[in-house]
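Working notes, structure below.
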Amino acid sequence: MEDENHTVVTEFVLLGLSQSHEVQMTLVFFFLLFYMIILPGNILIILTIRGDSQLGSPMYFFLANLAFLDICYCSVTPPKMLVDFFSHRKTISYSACMAQLFFLHFLGAAEAFLLMVMAYDRYVAICKPLHYTRLVNREICCALVGAAWGGGFIHGIALFALSIYLPLCGPNILDNFFCDVHQLVKLACANTYIVELLMFLNNGVVIILCFTLLLISYTVLLLKLRTQSSNAKNKVASTCISHIIVVFVMCGPAMYIYGLPFQAAPKEKVVAVFHTVIFPLTNPMIYTLRNKEIKGSMWKLVSKYVLWCGK
């Protein structure tokens, strides 16, 4: 090639989830329903935590940040996908594709790192309760959240840098509803072995390592609960189980998509829908349905708003 870093492709054609008009209209209904639950649910979590002084512990501070990340995350691919359902020819520009790729991995990695921060919070609360206020004070909480965002940014910019230098000079069809790194690699008109290896190390290894560490930490915490009293045990166990469910729901699909180097995962589009559209819904549902304090505060907030609107 005369110029290996030159990108000839200016836009990509997205094949989407289905070519059937009936199937697309059905999917529009369900995805709009999910979206209408995700956004208000996460916004309500944030407003509830910020408006109730009794929810001022670090655990709820992290949960509010997780809800904000969910709002950002579900704004990367679903809006474009919903618009494409009504388009005869589904396309995305090269620059929009790169932006989508960056923010998808930036926010996804930030969520994974924030889950590790929340595991640290639970570890200190259960294993070192006397030192909790010193080890998890407001300054440390802000620093940990900042580190999660910073780690996500580094992860996203690394994949962006690897993707933007891929020589794309041939086909421009992506068999999916969004842009992602392993799809772009297939279109590159050069040997991509090293790039794929670096992407796997930055993507697959990171998510597998996060999942393993989170699983080990929560297993240790649940075993540690055997020494607690019955009331404390039930409350903490419920919180830990909520976190474990979120870890499985987030990391499971991500490991399936990115944990297989140099090969495409079967049913990748189905798993990608779960990972990019349905996963953010689990945050408000799991944490609110399993947490009496949040449910009570939410009910008070909603009741207050209804009474205010009725005046």
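Just so you know, the numbers here start at 1 and follow the chain as drawn.
For all residues, glycine too, the Cβ spot is worked out from N, Cα and C.
Automatic, uncurated: that is what TrEMBL annotation is.
What TrEMBL lists as transmembrane segment is 27-47 (among others). Beyond the ends of the transmembrane segment (27-47), by six or more residues, the same chain brings 17-18, 63-64, 67-68, 70-71, 74, 78, 81-82, 85-86, 277-278, 280-281, 283-285, 287-288, 294, 298, 301-302 to within a C-beta distance below 8 angstroms of the stretch.
Per TrEMBL, domain 'G-protein coupled receptors family 1 profile' is recorded for 41-287.
Residues or ranges marked as transmembrane segment in TrEMBL: 59-78 (among others). Here the transmembrane segment (59-78) has long-range neighbours at 31, 34-35, 38-39, 42-43, 45-46, 49-50, 100, 103-104, 107-108, 110-111, 114-115, 117-118, 121-122, 125, 141, 145, 148, 177-178, 239, 276-277, 280, 283-284, 287, 294, meaning same-chain residues at least 6 beyond its ends whose C-beta is under 8 angstroms from one of its own.
Same-chain residues lying 6 or more positions outside the transmembrane segment (98-120) and placing a CB less than 8 Å from one of its CB atoms are 59, 62-63, 65-66, 69-70, 72-73, 76-77, 80, 92, 136, 144-145, 147-149, 151-153, 155-157, 159-160, 163-164, 178-181, 184, 203, 206-207, 210, 213-214, 217-218, 221, 243, 246-247, 250-251, 254, 276. According to TrEMBL, the transmembrane segment annotation covers 98-120 (among others).
Long-range Cβ contacts of the transmembrane segment (141-166) within its own chain (Cβ-Cβ under 8 Å, at least 6 residues beyond either end) map to 5, 7, 58, 61-62, 65, 98, 101-114, 116-117, 120, 181, 184-185, 187-188, 190, 192, 195, 198-199, 202-203, 206. Sequence annotations record features per position, and here TrEMBL assigns transmembrane segment to 141-166 (among others).
Positions annotated as transmembrane segment by TrEMBL: 205-224 (among others).
Annotated transmembrane segment per TrEMBL: 236-258 (among others), in sequence order. Remote same-chain residues near the transmembrane segment (236-258) are listed as 59, 108, 111-112, 115, 118-119, 122, 125-126, 182, 200, 203-204, 207-208, 210-211, 214-215, 218, 221-222, 225, 228, 265, 268, 271-272, 274-275, 279, 282-283, 286-287, 290-291 (criterion: CB distance under 8 Å, separation of at least six residues from the stretch ends).
According to TrEMBL, the transmembrane segment annotation covers 270-289 (among others).
Across the residues of the domain 'G-protein coupled receptors family 1 profile' (41-287), the predicted structure has a mean pLDDT of 84. Residues of the same chain lying 6 or more positions beyond the ends of the transmembrane segment (270-289) and with a Cβ under 8 Å from any Cβ of it are 17, 31, 34-35, 37-38, 41-42, 44-45, 63, 66-67, 70-71, 73-74, 76-78, 81, 104, 176-178, 180, 242, 245-246, 249-250, 253-254, 256-257, 295, 298.
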